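Colleague: There's a structure below that I have some questions on.
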Amino acid sequence: MAGVFKTVTFLVLVFAAVVVFAEDYDVGDDTEWTRPMDPEFYTTWATGKTFRVGDELEFDFAAGRHDVAVVSEAAFENCEKEKPISHMTVPPVKIMLNTTGPQYFICTVGDHCRFGQKLSITVVAAGATGGATPGAGATPAPGSTPSTGGTTPPTAGGTTTPSGSSGTTTPAGNAASSLGGATFLVAFVSAVVALF
């Protein structure tokens, strides 16, 4: 019976670690999800952020004027909007990142994608260590394999609910955030060692 208790406690602590470390990102921050003045705006926005499994992207936009489509790498590169993996039209759109690898998002309204309303990110494992990935929002090299399973299909109301989520943006690399994470990690490891 003690073994079952230890196992359950360990699993609860692992789940708590994933929830604590998950971040919510408001795509574009104050600019939100709109056709940008600078075609590189969303690439610049994503650069320096580390997107992990369990993080959530929130796309805020004016209903009827924008949308969010999850697409393949080829569709991202060419702003092809005919066959998206998923398509959400009702804001806000919340997408939980639940697989590692590259993820691609575009607006399918008019020529918005061609004018820069598109986002490419690379998602790393929840427990991955290290700082922000340089150029996380940069367009991947041609021929790289796209990931098409990084999000859960949209639910009613335009919300996509992949696994693991929350709702505010904390910039990756934020000193206070990193200190809090380090403190939690020490407590977590201490608890696991004490159990076993």
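Using N, Cα and C of the backbone, Cβ positions are placed for all residues, glycine too.
Because the structure is a prediction, the values reported are computed rather than measured.
Grabbed the feature section from Swiss-Prot, which reads as follows:
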type	residues	note
SIGNAL	1-22	signal peptide
DOMAIN	23-125	domain 'Phytocyanin'
BINDING	His66, Cys107, His112, Gln117	Cu cation binding site
DISULFID	Cys79-Cys113	disulfide bond
CARBOHYD	Asn98	N-linked glycosylation site
REGION	133-173	region 'Disordered'
COMPBIAS	135-173	compositional bias 'Low complexity'
LIPID	Asn174	GPI-anchor amidated asparagine
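Explain the structural surroundings of these features, please.
Modeller: In this structure, His112 (Cu cation binding site) belongs to neither helix nor strand by DSSP; it is coil. If you take the C-beta of His112 (Cu cation binding site) and look for same-chain residues 6 or more apart in sequence within under 8 angstroms, you find Arg35, His66, Ile106.
Counting only same-chain residues six or more apart in sequence, the Cβ atoms lying under 8 angstroms from the Cβ of Cys113 (disulfide bond) belong to Cys79, Lys81, Ile106, Cys107.
Asn98 (N-linked glycosylation site) falls within neither a helix nor a strand when secondary structure is assigned with DSSP, and so counts as coil.
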Colleague: Roughly how many angstrom lie between the C-alpha atoms of Gln117 (Cu cation binding site) and Asn98 (N-linked glycosylation site)?
Modeller: 23
Colleague: Provide the number of Cβ atoms within 10 Å of the Cβ of Gln117 (Cu cation binding site), excluding the reference atom itself.
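Modeller: Result for Gln117 (Cu cation binding site): 27 other Cβ atoms within 10 Å.
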